[in-house]
Amino acid sequence: MPRLFILTLSLLPWIPVVPCWVTTQNEVSVLEGGSITVPCRYDPKYANHVKYWCRGSMREFCTSLARTDETSSTNPSKDKVSIFDDPAQEMFTVTMNNLKETESGWYLCGVELGNGWKADDVAYTKVKVIHGMSVENGMVSGEEGSSVTVQCLYSERFRESEKKWCRSGGWSSCLSAGSEGSYEDTSVAISDDRTGTFTVTLKKLQMRDAGWYL
């Protein structure tokens, strides 16, 4: 089976905090200009409590970004940050859009207990907004004579940059999408949507096409 290129991916584990009535992912990474959705799980006893999303590494001093008891009129940043509670799934989710590198840092999922004598239950997650590029699948394979497609993702600052597809070890092999954002010949097609993804399709695969690309 042809092996074109490899990228190692790891799944982030669920890590409970103390107290463990609220849990979430310990880290989330995204390319600049992209969006994330963070799941926050909670104990069934919190089904009717207010949930919130806050920026900061200390519960007492974090900046509130979204709450389940806020409407769009009281939360003008709702297009940027939204929160949705699903008591049936014992989970609320937070979505952040069009992220900037400066928005990297610590955030927390919180459940408001409404009791001045007891602190809210929270779980922390670290958000990393990266300026750079990645591929959707690190390894693709196809039968001889068939086609394969590679999705190349890039951050917002690369939107107007020239996109290239190269075979590793041979810079003379690079193919450019040019100012129009597209290129095609009998064996390769490149298309840039100018919104964060450019697509490369290798056509009529042959054994000699196996290898590493960038």
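From the backbone N, Cα and C atoms, a Cβ is placed for every residue, glycine too.
Heads up, TrEMBL stuff is auto-annotated, nobody curated it.
As written in TrEMBL, here are the features:
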SIGNAL    1-20  signal peptide
DOMAIN    13-125  domain 'Ig-like'
DOMAIN    144-214  domain 'Ig-like'
**Request:** Tell me the residue counts in helix, strand and coil for the domain 'Ig-like' (144-214), as DSSP assigns them.
**Result:** 6 helix, 33 strand, 32 coil
**Prompt:** How many of the residues that make up the domain 'Ig-like' (13-125) does DSSP mark as helix, as strand and as coil?
**Reply:** 12 helix, 53 strand, 48 coil
